[in-house]
């Protein structure tokens with residue numbers, strides 16, 4: 001067990017990091033395992049509440065993942081696929097929005113229970129996220145799948161300034177007010193840019209980017225934007241990691257100082273990233 | 001067709017009402033037919049946007065009604081009933097919250113499309129509505145049915161002050177962050193009291209309170225709180241109208257100036273109530 | 001008689017215009033018939049009060065017209081004329097200022113009676129209008145006739161921001177604090193520029209600019225600045241209309257979005273111009 | 001001629017008075033000789049500008065005096081008298097308002113020329129002074145003679161806060177917006193009360209209150225409210241001085257700290273009263 | 001060595017305390033060993049900087065102790081003693097003030113070096129501490145020894161609000177601006193009351209109040225104000241601890257929530273007291 | 001003795017100067033005779049308090065002079081000299097800081113006694129003055145003698161805005177928080193630049209710059225920056241006056257409007273400079 005003095009030491013050790021990020025905004029893409037396991041959930045939300053209290057402004061963008069699929073199945077809604085992409089027709093979109101809405105308020109409730117003050121928003125609130133229709137890779141219509149056309153960050157800024165933690169579900173608003181489902185990583189990146197955040201953190205279910213995917217000790221703790229093309233070419237970055245890294249690149253180009261791909265399966269990985277010098281996951285920088 | 005001058009006349013006629021309610025807050029319980037028919041929907045939201053632009057602050061509390069039942073049916077969730085009340089178990093509550101969340105954002109999107117700026121909230125956001133568990137009439141456990149324990153109106157006040165129209169779904173937050181379904185009329189009344197609103201408007205699917213329910217010309221346009229017991233005794237107020245009237249009474253006792261039971265089936269009934277001297281529905285006053 | 005629903009319709013129809021001009025400033029040159037006929041007076045002031053309540057900021061600049069001549073006559077002050085211009089000697093200027101001051105407060109009182117809050121100012125208050133001496137067309141001295149050297153709009157801006165309707169009489173302050181009489185159209189145009197108003201409205205006693213002055217159906221509802229020279233050359237714009245149109249041109253060049261020459265003999269012409277799509281008078285635009 | 005050091009000494013001597021009145025409001029009734037003689041005019045206005053610059057807030061209420069009579073004569077308007085009071089019919093009131101308006105702006109112009117920023121107001125602006133009709137001593141109708149029913153000081157307070165010197169003419173606004181002529185001393189007293197001024201200064205054409213009216217050395221430099229009845233009884237206070245003293249009494253009862261009857265014929269009497277310990281005129285205190 | 005997760009755990013454990021004291025003011029009497037040993041110095045100042053960053057407002061009141069005696073000796077100033085109290089004559093007071101001033105800026109410099117922003121003040125700045133002369137126990141004149149007559153906390157409040165850590169030396173200002181040396185515990189207590197602090201912490205060189213002074217395990221971790229008289233009677237509280245406890249009593253009576261007598265020899269004792277549930281020293285409460 | 005009217009005249013004469021400097025900042029280097037003679041002390045501080053009350057913001061930077069030497073002697077600290085410069089070792093610096101601190105609070109106390117509100121600061125407070133080590137003319141180490149590396153004026157700006165008079169001692173903070181003694185003229189000049197002051201006043205013990213040092217009537221009342229090199233060459237400016245003039249040049253280049261070398265032996269020389277047209281000392285301008 002730790003002595004009182006050791007405890008004090010840890011708090012003192014956090015001071016330089018608290019100073020460094022004081023008054024800064026950090027956008028967190030919340031998803032994957034960290035959104036399913038109840039202990040991890042609590043750990044993530046505790047980290048956010050702690051950040052808020054020490055003067056840092058966290059903004060959560062969450063995904064929906066398995067719950068959407070589960071609900072579609074329960075409702076007997078079958079999905080069509082075009083070149084591997086699920087076509088989001090109107091009934092599907094309705095389910096997407098309902099499930100995201102429910103998850104959104106669950107996150108808010110957990111933040112509140114831990115002593116923070118969460119406010120759940122979707123991209124439709126005050127036209128926070130204006131969406132364009134996105135076409136499939138072969139230019140097919142894949143329904144209500146959108147991409148970010150514009151972020152109107154005033155509502156989120158107000159909510160931050162008033163001391164709340166904004167929690168945003170990745171639903172965008174189309175020209176006629178219709179809903180679009182947008183990839184949550186993309187929304188997090190665009191939000192970080194619009195808010196001129198200091199940090200973008202993407203929680204994933206992997207250790208970060210491994211030089212050799214079979215060797216967990218080969219983690220690349222920092223990569224520069226300019227190194228990324230060759231890493232993709234060499235297959236070090238591949239598959240689902242490619243769009244995540246692209247979100248990082250866009251955010252950095254948009255003025256975000258650092259971006260991080262963290263292992264959401266490690267409890268308090270956000271806190272460790274922000275408050276200690278312990279390298280967790282992969283940082284993508286200019 | 002109206003002449004330009006006649007048009008001008010109408011606008012001028014509205015002036016005294018605009019003056020009267022300038023800077024005031026009006027809470028609207030939105031539900032029933034006005035939430036189903038798409039022309040009525042648009043009329044209601046137009047009225048709210050107009051109010052906002054002329055300096056009045058509308059706050060919407062909406063119900064969920066038939067959509068919840070429909071979704072429960074689609075998901076094959078059967079409801080138990082205890083003394084005629086549906087028991088809201090956990091799977092049911094999940095559906096309630098999802099459907100309300102979806103409806104909430106639909107209302108927001110419609111407000112935005114009409115040029116207003118809506119923000120959708122549930123009672124869980126920033127602990128806006130703290131709920132207590134409500135028991136059935138025989139003190140049975142009827143699940144996640146709640147009553148209002150406390151309103152924390154700061155978030156709604158911030159949202160109003162920043163120029164948005166708040167749209168609130170009637171879900172309350174229990175001691176452990178669990179969700180409770182609360183009657184929307186009750187929430188609207190409590191919200192009006194907490195915000196010290198000038199007016200509470202409950203949209204219904206009837207003309208108002210009729211002296212003789214078979215005679216639509218027997219509308220009681222104004223009733224006083226003190227007259228209500230005898231009206232209930234005589235059966236003039238009965239059934240589902242009783243709890244609505246009780247919400248009005250509570251709001252008035254809590255400091256709300258006037259309360260109204262309006263016919264939501266009449267297009268622009270809110271606007272007519274607020275901006276003209278045309279008696280619509282029944283007003284309950286001190 | 002109009003039904004309630006028709007009334008609602010008119011209000012709803014005004015919504016896009018309320019949105020469009022929300023928070024904008026509109027400078028109105030008030031004079032002519034609309035300042036003599038008591039019903040028209042009331043209609044104009046009602047329009048201004050209504051504008052103020054729905055979030056638009058009207059600023060009135062008024063003339064003095066026939067009352068000045070009347071008072072000069074009553075006082076037996078004879079006017080000299082130089083090339084058709086009245087020489088404003090010191091006793092004349094004193095009468096001008098007295099009559100304008102009286103009219104100014106009458107306008108204010110009418111605004112107040114209609115529920116607005118008017119504040120009457122002259123160009124001498126806080127050096128609102130700094131004047132230069134203006135010479136006759138042959139460079140003769142014509143006394144205390146001035147032109148606008150500078151507008152110091154801070155006082156008017158304060159008055160607007162605090163919720164009042166400023167009413168300005170067209171008296172300027174010379175280098176030694178002496179008073180100058182300035183053409184009210186000119187003051188209105190300069191004021192619109194100084195306040196970066198969205199609209200300048202000049203009330204006249206004609207329908208607007210007619211293509212054929214004998215045909216009231218030949219109204220030019222919109223003319224561009226670039227078209228004006230040829231319209232003057234062709235005699236479509238002539239006489240007293242030329243300086244009015246020049247005020248419009250100057251205001252537009254100074255950053256005012258649109259300028260209007262309206263028929264002040266039509267009741268509520270301002271309201272119709274601002275809140276409906278009904279073309280009234282002639283709009284001069286870039 | 002004074003040495004530099006002597007000059008410095010005078011400024012230093014003023015310091016305690018500057019401290020004492022810092023941020024306080026002083027209402028000055030301006031009239032009589034000080035409003036006619038051009039050197040005295042300039043001296044009074046210099047005093048006010050100086051006060052403003054050293055952090056004191058002067059408010060001027062002026063009379064009209066001989067100019068009104070002159071203008072009535074020029075216009076051939078004959079006045080009826082009832083028990084010695086001039087009946088102010090509608091044409092007379094019009095002249096009163098015009099002359100007061102002209103004088104008001106002259107004062108403003110002089111303040112501006114001396115480097116201050118004056119703003120001229122009448123009691124009709126923003127309903128600053130609400131008037132009741134006053135009857136003659138025999139309850140006869142004497143026309144548009146009013147008394148103060150209510151002061152709405154917000155406009156004056158705004159004008160003060162923004163750094164201007166308000167100059168108020170004693171015209172009140174009746175229930176239908178009609179003008180009433182009110183005694184300027186009375187308005188000054190009511191204004192001092194409404195603004196919770198620290199000082200009320202009434203400029204007169206006498207030395208103050210003399211114990212023996214034939215002995216200028218018998219000035220009563222301070223009198224208490226409680227002593228006044230016996231001073232009136234003994235004839236020490238008599239004639240036109242009685243209503244002035246009553247204004248002082250009312251102001252003191254309304255919360256004004258000190259009131260002063262000063263000799264306006266002495267140049268810079270206000271400045272001497274405020275910034276030196278030299279007793280000028282008579283101070284009426286609690 | 002601690003794992004990353006253990007580190008995270010400590011930070012998370014601090015969260016409830018951060019929440020509890022967010023926005024609160026804590027006055028620390030700094031003196032004794034903690035002001036001499038350079039590691040302890042750094043630990044104390046680190047604790048204060050950390051508190052400031054997590055939203056708590058520390059205010060330091062420091063003593064001078066041995067350095068004053070040293071400097072008096074170096075200057076050959078001999079002290080007279082009256083009933084055991086050092087008489088503070090004018091040359092002595094000068095030395096007191098010089099030494100306190102030097103220590104004050106040393107503390108400020110250390111805070112600044114650790115990333116905080118310290119501002120050093122004495123009680124003479126803006127008349128922060130108004131002092132009365134204090135007499136010896138036999139009513140003898142003991143020179144410039146003072147007691148607190150009044151605290152004018154506005155300057156400290158401004159400094160706090162602007163994000164600085166105020167550091168106050170216990171010199172008071174007498175009626176003629178002369179300096180008085182005041183006991184630092186007393187000043188800390190009066191400051192805590194004037195600022196309506198949440199906590200008063202007095203750093204001492206003992207463990208706290210021990211039930212049995214020979215048994216370090218007999219620490220009284222909490223005592224109530226009402227228990228103190230009997231503790232004094234029983235000799236549990238005695239000697240120099242009595243005035244310290246009296247400061248606590250006065251602060252509590254003045255509205256300070258809790259007061260603490262901490263062992264300043266334990267590194268980070270302030271941090272442990274504020275951020276952990278580890279009982280350090282003795283808490284005196286209502 | 002002066003008549004009341006003459007007194008009034010002086011006050012009125014000051015008005016244009018009060019207007020001219022209203023809201024401006026004036027930095028005063030306070031030292032020499034004016035800091036020793038008690039009448040001069042009081043005169044200087046009275047001038048500053050008066051300036052503050054009439055809306056000008058004085059900032060004092062003071063030296064220490066003879067008192068430091070006296071204290072070093074009393075403590076038996078001998079000074080080494082390198083090329084005529086005193087080497088400031090650590091014990092010497094400690095004395096410098098103590099004496100400056102004591103003088104600083106004496107000035108503050110005097111300001112307070114005269115009705116102002118002084119706040120004493122050193123360059124270490126909130127890192128107000130960041131210092132670099134300065135080497136001797138032969139690049140030798142002369143200890144803790146510093147030069148200004150950076151001014152962080154926020155604390156002084158806050159103190160000014162809140163109505164206090166800041167009094168700054170010329171101690172700078174080195175990279176590790178160590179103290180540096182800096183020339184007070186230099187600090188005053190740098191402070192004037194950092195605050196974008198309107199005026200820098202350096203109090204000296206001479207009349208100003210004399211064309212012929214033996215003729216007190218040969219005062220150069222204004223010199224331009226461009227004339228200075230030739231004045232130095234001709235020996236008109238020499239010795240200790242050269243660095244003072246260089247401070248003026250730097251301040252002017254940094255944006256300060258005028259700089260003044262005043263005779264601090266003349267009572268109220270600051271007041272005369274600021275409030276009269278009497279030429280006192282030498283003004284250095286662009």
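Each position is counted from 1, following the chain as shown.
Placement of Cβ uses the backbone N, Cα and C atoms for every residue, glycine included.
Note that the coordinates shown come from a computational prediction; the quantities given were computed from them, not determined experimentally.
The feature domain 'Aspartate/glutamate/uridylate kinase' is assigned by TrEMBL to D:24-263.
According to TrEMBL, the site 'Transition state stabilizer' annotation covers D:29 (among others). Counting every protein chain shown, the number of other Cβ atoms lying within 10 Å of the Cβ of residue D:29 (site 'Transition state stabilizer') is 30.
According to TrEMBL, the substrate binding site annotation covers D:64, D:65, D:86, D:181. Mapped onto three states, the DSSP output places residue D:181 (substrate binding site) in strand. For residue D:181 (substrate binding site), applying a Cβ distance below 8 Å and a minimum sequence separation of six or more within one chain yields D:88, D:93, D:96, D:97, D:144, D:145, D:146, D:170, D:171.
Per TrEMBL, the feature site 'Transition state stabilizer' maps to D:244 (among others). DSSP assigns residue D:244 (site 'Transition state stabilizer') to a helix.
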Worksheet item: What count of other C-beta atoms do you get within 10 angstroms of the C-beta of residue D:64 (substrate binding site), across all chains shown?
Response: 25
Worksheet item: Any idea of the Cα spread of the substrate site, D:64, D:65, D:86, D:181, as a max distance in Å?
Response: 15
Worksheet item: Around residue D:65 (substrate binding site), which residues of its chain at least 6 apart sit with Cβ under 8 Å of its Cβ?
Response: D:31, D:32, D:35, D:36
Worksheet item: Hey, how far is residue D:64 (substrate binding site) from residue D:29 (site 'Transition state stabilizer'), Cα to Cα, in Å?
Response: 11
Item to complete: Do me a favour and check the Cα-Cα span between residue D:29 (site 'Transition state stabilizer') and residue D:244 (site 'Transition state stabilizer'); whole Å is fine.
Response: 10
Worksheet item: Which has the fewest other CB atoms in a 10 Å radius around its CB: D:86, D:244, the listed recorded positions?
Response: D:86
Fill in: Spatial separation of residue D:86 (substrate binding site) from residue D:244 (site 'Transition state stabilizer') - C-alpha basis, Å
19
Discussion item. Quick check: which same-chain residues outside D:64, D:65, D:86, D:181 lie with their CB within 8 A of the centre of the substrate site CB atoms?
Written reply: D:63, D:68, D:69, D:96, D:100
Worksheet entry | Averaged pLDDT score, the domain 'Aspartate/glutamate/uridylate kinase' (D:24-263) | 95
Worksheet entry | Assigned conformation of residue D:29 (site 'Transition state stabilizer') - DSSP reduced to three states | strand
